[in-house]
Amino acid sequence: MSEDHVQNDSQIEAVFRVNDSHKHKKDKEHRHKEHKKDKDREKSKHNNSEHRDPSEKKHKDKHKNNDKHREKDGEKHRERDGEKHRDKNGEKHRDGEKHKEKDIEKHKEVEKHRVKDGEKHKEKDVEKHKEKDVEKHRDGEKHKHRDKDREKKKEEKMKSSSGGVKVKKENGFSSPVRVKDEPEDQGFYVSPKENKAMKRPREDDEDYKPKKIKSEDDKKGKKRKQEEEDIKPKKKSKAKGNEEGVKKKKVKKEEEEKWKWWEEERHRDGIKWKFLEHKGPVFAPPYEPVPDNVKFYYDGNLVKLSPKAEEVATFFAKMLDHEYTTKDIFRKNFFKDWKKEMTTDERNLITNLSKCDFNAMSLYFKEQSEARKNMTKEEKLKIKAENERLLQEYGYCIMDNHKERIANFRIEPPGLFRGRGDHPKMGKLKKRIMPEDIIINCSKDSKIPVAPAGHKWKEVRHDGKVTWLVSWTENIQGSIKYIMLNPSSRIKGEKDWQKYETARRLKMCVEKIRNTYKEDWKSKEMKVRQRAVALYFIDKLALRAGNEKEEGETADTVGCCSLRVEHINLFQELDGQEFVVEFDFPGKDSIRYYNKVPVEKRVFKNLQLFMENKQPDDDLFDRLNTSILNKHLQDLMEGLTAKVFRTYNASITLQQQLDELTNSDDNVPAKILSYNRANRAVAILCNHQRAPPKTFEKSMMNLQGKIDAKKDQLADARREFKSAKADAKVRRDEKTKKLVESKKKAVQRIEEQLMKLEVQATDREENKQIALGTSKLNYLDPRISVAWCKKYGVPIEKIYNKTQRKNLLGPSIWQTTTSNFNAEQRCFS
């Protein structure tokens, strides 16, 4: 210890020499500051931010002086200073425990003498730093220096006798003042790391915001760049998030604005609406004559047609490559109506359609069609914008203070009538509809649509018991055409809802109705017997009533009540079955209905009775018509019609077929095939047929080519998998195992793709002559399909496309369908 004291004395003398010139001034300041010490300490806790700037400035000035003083003190002071800073940051163990104890004692000796001369004039905020740093430092060292407490006390007494000042902390313990926190010119270097560490004791000051110091600028070049790079993506993601948020808000707003009509009370007494306002129809654009270089020839001679005759000629020219123009009835009807539009001279000249040359006109319209396909993006956008403008202006109406979409707000342009099936009036001219042909329907208190300039409406009505907005009579069959609301509208939704609910009610009394008509087979009245047999056919075969016509239905179709003797054949036994009836007649759209069905013996006997003494073109049910049948159906159940029977039988057939065909272990494509097969059974029941598409054979060849290519791909994948497995047995390393797993997954993926293609081919082949969409959209209760999808995990998008989901699956239907495929939700069990 004597050697240590000698060494310490020499150090103290060196320190005294440096500070001797300031001694008297500091003593004076010390006496003044000691008086306010306690008060200032308390005050500094709340005013750190006010004193930080001047204290930081002093720190910077004193760092420069410390650098100069450190050069004078030499290596000895550097080691001592390094040990001092390592003590603060917890790095004391690097230089060994042996030197640490000795250096700590020397360090404390020097600090005590410095406190005597230099610590008196410290600033208030710096003294607070010092006390808190010392307190933290002591907390970290108290376990290591517990055995040396007595020695420290003795040393403190010695220094106090020499005039040293003790700095008393808030916890009541004396602690040496640390050199590293000394802002004075004491010849010690304060590193940026040490200064940075000083921020920790200020954690209790909530308002304190550490000021960046110059010594950190070296690190901040790269760091700041990284921070900027980190910030940019965040801003981007935030912007993206905002966009998504806006989209979600828009979608949510649209959902909120959607009319929840199913929650409102319905109008009574047949009232469909109380307020209706719209802008009227959009008429077809006027005819634009073809250019002069587009010639028409008759019998090899150039003929200049009048505008009206030329317009009708263009209708035929546009269809020149179609099979319709080869049909005699089409050509005959066209030529007859075309001559009505000709002038007298043209009628006298053009007497034979076969001598007319429409090739130049046809070529011109083909070029026009190609030009439309090759339009620039800007041209297409311009047309799209114009269509959108018309849609916003004419495509919506206000019904009962709600905006509703109109289905077909454009008047059909003039052209040639094609009809459904082999219609006898195909080829006739559909005349241009003018405002004078139009009947407007709207509410009295609405703004009545304005007719085009120079024209007026035929009539304006205010009939709230009908759902159409505009009507006119077309000239081909004299039928009335309408502009109606979109299928997603309230009126259409209510109509569909009522139709399916009526079919569900029929389930409750269908057995009673069946028992009734079976009893009527034995009635003494021929009228009752015919009615009972017709109802049996409607129930069992889902036949249409006959004269019951829907919009656009042609006049040459045959239904149940309009069957003639020539349409059926009776077989006592056929193909091992008794009492077989063969039906063969043109159904709706002139589609042939051909079916052989075994019937009840009583029905068979009645049919023989009905056919007695009748010619082939005589009515089979000569005592029955649709009015009599519908009246009887209404007596059996309110709202019951032949169409309700078709809806009921179609829906229950779908439900039964889904139960039989669906396998819960199948994958989604196989389940969809099962659904389509169930749908196919319904389409066959309802006779929803179609002609095979012209491109069917070509599309099947392309599909078969894809299947063959996929099979080759699967064979290659299996070979690679087998080879990888063989390598894995030899190498037995992780990389080979991963390769085997990858090849295995590739085989499974290709197998699944092949199966999808094969299912698609089967589906197409089975349904090439079956129209699945008609029954799906008009006769099948959507709740059955929705419940099936939920039960078997099939996306509803695989069953209904976007438009169908919007129009058919209204919110009311969705809300009443749960994921449980139970008897209540199955609708018809």
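Including glycine, each Cβ sits where the backbone N, Cα and C put it.
Since the structure is predicted, the reported quantities are computational estimates derived from the model, not experimental observations.
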**Message:** Under Swiss-Prot, the annotation region 'Interaction with DNA' belongs to which of these stretches: 340-345, 544-549, 664-669, 760-765?
**Reply:** 544-549
**Asked** Of all the recorded positions given, TRP468, TYR779, which has the fewest Cβ neighbours within 10 Å once its own Cβ is left out?
**Response** TRP468
**Message:** Let me spell it out: for each of the recorded sites (THR557, ASN630), count the other Cβ atoms within 10 Å of that residue's Cβ, using every protein chain shown. Which one has the most?
**Reply:** THR557
**Prompt:** How would DSSP class LYS499 (site 'Interaction with DNA') in three states?
**Reply:** helix
**Request:** List which of the recorded positions TRP468, ASN630, HIS688, LYS706, TYR779 have their Cα within 10 Å of the Cα of ARG420 (site 'Interaction with DNA'), in sequence order.
**Result:** none
**Message:** I'd like to know which of these recorded sites, ARG372, LYS499, LYS588, HIS688, is least surrounded, judged by other CB atoms within 10 A.
**Reply:** ARG372
**Request:** For the domain 'Topo IB-type catalytic' (488-821), provide the mean pLDDT of the predicted model.
**Result:** 87
**Asked** For LYS499 (site 'Interaction with DNA'), which of the recorded sites ARG372, TRP468, THR557, ASN630 has the nearest Cα in space?
**Response** ASN630
**Message:** Can you tell me the CA-to-CA distance separating HIS688 (site 'Interaction with DNA') and LYS588 (site 'Interaction with DNA'), as a whole number of Å?
**Reply:** 9
**Prompt:** Near ARG420 (site 'Interaction with DNA'), how many other Cβ atoms are within 10 Å of its Cβ?
**Reply:** 15
**Request:** Filter the recorded positions TRP468, THR557, LYS588, ASN630, LYS706, TYR779 down to the ones within 10 angstroms of ARG372 (site 'Interaction with DNA'), Cα to Cα, kept in sequence order.
**Result:** none
